[in-house]
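**Q** My questions all concern the structure below.
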Amino acid sequence: MSRVSQARNLGKYFLLIDNMLVVLGFFVVFPLISIRFVDQMGWAAVMVGIALGLRQFIQQGLGIFGGAIADRFGAKPMIVTGMLMRAAGFATMGIAHEPWLLWFSCFLSGLGGTLFDPPRSALVVKLIRPEQRGRFFSLLMMQDSAGAVIGALLGSWLLQYDFRLVCATGAILFILCALFNAWLLPAWKLSTVRTPVREGMRRVMSDKRFVTYVLTLAGYYMLAVQVMLMLPIMVNDIAGSPAAVKWMYAIEACLSLTLLYPIALWSEKRFRLEHRLMAGLLVMSLSMLPIGMVGNLQQLFTLICAFYIGSVIAEPARETLSASLADARARGSYMGFSRLGLAIGGAIGYIGGGWLFDMGKALAQPELPWMMLGIIGFITFLALGWQFSHKRTPRRMLEPGA
């Protein structure tokens, strides 16, 4: 086995272990934020939505800067620094009793993510061969789902005692992750050339095809982020207990572990990437529309199942397509910019979703936010269809098995 092949194989295992630690640290804390501050402390949902939207926008919106800096200086220093910064954000969140302190903690957490997320994504593109990326992204997403359940279970259990324990656990996990990277991650360069920060950013911004694709995905993310805001609140409202939220993530884990890899393996040889992405988005949009009209957990969990199945179909295709479109001369910059759709869509989804949720309650129209999200999903579906029908993306990137 050549040294390059050996590095790729070892890199896969490193990426899987690193991803599990990050997912556990994140999901111990974030699914419980809306329950802690809306249901337990009585804050308006829009206040928590601002905090979550701020974290999302800082992490993903500034990702191009984090990626460009990583292109210049390498992945390791950015990843370690970012993970320590997120640990500090979680520690601050544990003592948040005013909105401004929650917002500050989410700002720190998002800034940390800006530093570590793009280089971690670029490492996947660097280490995994193009023909294997779809399946590897599926493995990462299966891991995400399992980690989400374990993290949510642990966080829900700790929340019975003290929210500070929840935040401390998340902080400790990110400190461990920083140490793991500092110890084992080689000083790899992300790009094929040592790209200056400004040049990497310029290269991305001049790629109109990639920019259009990324911005179109903002609507997709407005739906996707509700697993952190409105869906946990809805489950808690109907069940009357925050403990029920863990079952929402258990559903996601079961569906992901049983369906994600087989669907990706079966569909990658039969359907183009954009068709898989659009099909998943359509299922997600349809499942959103009736959520505000359900009256029991069985109906709600059925719709959540449909939503997750749509995500299982769409996510591997979305990640693979984003990676395929990245220029090897500026991988960090491309993977950083690819998060801008999540920054915009996530911020609008959190803040707008929280505002619509409060408005729906005030007007006695609980279906309002869900109907709006479904409509946004359909508009995004049509926009993606228009984009791909005009062949703005090279055919070789989209063919099955590409």
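Each residue, glycine too, has its Cβ placed from N, Cα and C.
Summarising the annotation, Swiss-Prot assigns topological domain 'Cytoplasmic' to 1-12, 117-138, 186-213, 265-276, 321-339, 389-402. Residues or ranges marked as transmembrane segment in Swiss-Prot (evidence: sequence analysis): 13-33, 99-116, 139-159, 165-185, 214-234, 244-264, 277-297, 300-320, 340-360, 368-388. Positions annotated as topological domain 'Periplasmic' by Swiss-Prot, on the basis of sequence analysis: 34-98, 160-164, 235-243, 361-367.
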**Q** Six or more residues beyond either end and a Cβ under 8 Å away: which residues meet both conditions relative to the transmembrane segment (300-320)?
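**A** 133-134, 137-138, 141, 217, 220, 223-224, 231, 234-235, 238, 247-248, 251-252, 255-256, 259-260, 263-264, 267, 273-274, 276-277, 279-288, 290-291, 294.
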**Q** Please check if the transmembrane segment (165-185) comes into contact with the transmembrane segment (13-33), where contact means 3 or more CB pairs closer than 8 Å and the residues in each pair are separated by 6 or more positions.
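**A** Contact between the transmembrane segment (165-185) and the transmembrane segment (13-33): present.
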**Q** Is it the case that the transmembrane segment (139-159) and the transmembrane segment (244-264) touch, counting contact as three or more CB pairs under 8 Å in which the residues of each pair are 6 or more positions apart?
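**A** Result for the transmembrane segment (139-159) with the transmembrane segment (244-264) is yes.
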**Q** Near the transmembrane segment (340-360), which same-chain residues lie under 8 Å Cβ to Cβ, leaving out any that are not at least 6 residues past its ends?
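**A** Contacts of the transmembrane segment (340-360) (Cβ under 8 Å, skipping residues fewer than 6 from its ends): 44-50, 52-54, 56-64, 214-226, 228-230, 233, 292, 366-369, 372-373.
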**Q** Please count the residues of the topological domain 'Periplasmic' (34-98) that DSSP assigns to helix (H, G, I), strand (E, B) and coil.
**A** 54 helix, 0 strand, 11 coil
**Q** Could you break down the residues of the topological domain 'Cytoplasmic' (265-276) into DSSP helix, strand and coil, giving a count for each?
**A** 7 helix, 0 strand, 5 coil
**Q** For the topological domain 'Periplasmic' (361-367), jot down how many residues DSSP puts in helix, in strand and in coil.
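**A** Output for the topological domain 'Periplasmic' (361-367) reads 2 helix, 0 strand, 5 coil.
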**Q** Which residues of the chain, 6 or more past the ends of the topological domain 'Periplasmic' (235-243), have a CB below 8 A from one of its CBs?
**A** 32, 35, 39-40, 156, 159, 294-297, 300
**Q** Looking only at the topological domain 'Periplasmic' (34-98), report the model's average pLDDT.
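**A** Mean pLDDT, the topological domain 'Periplasmic' (34-98): 83.
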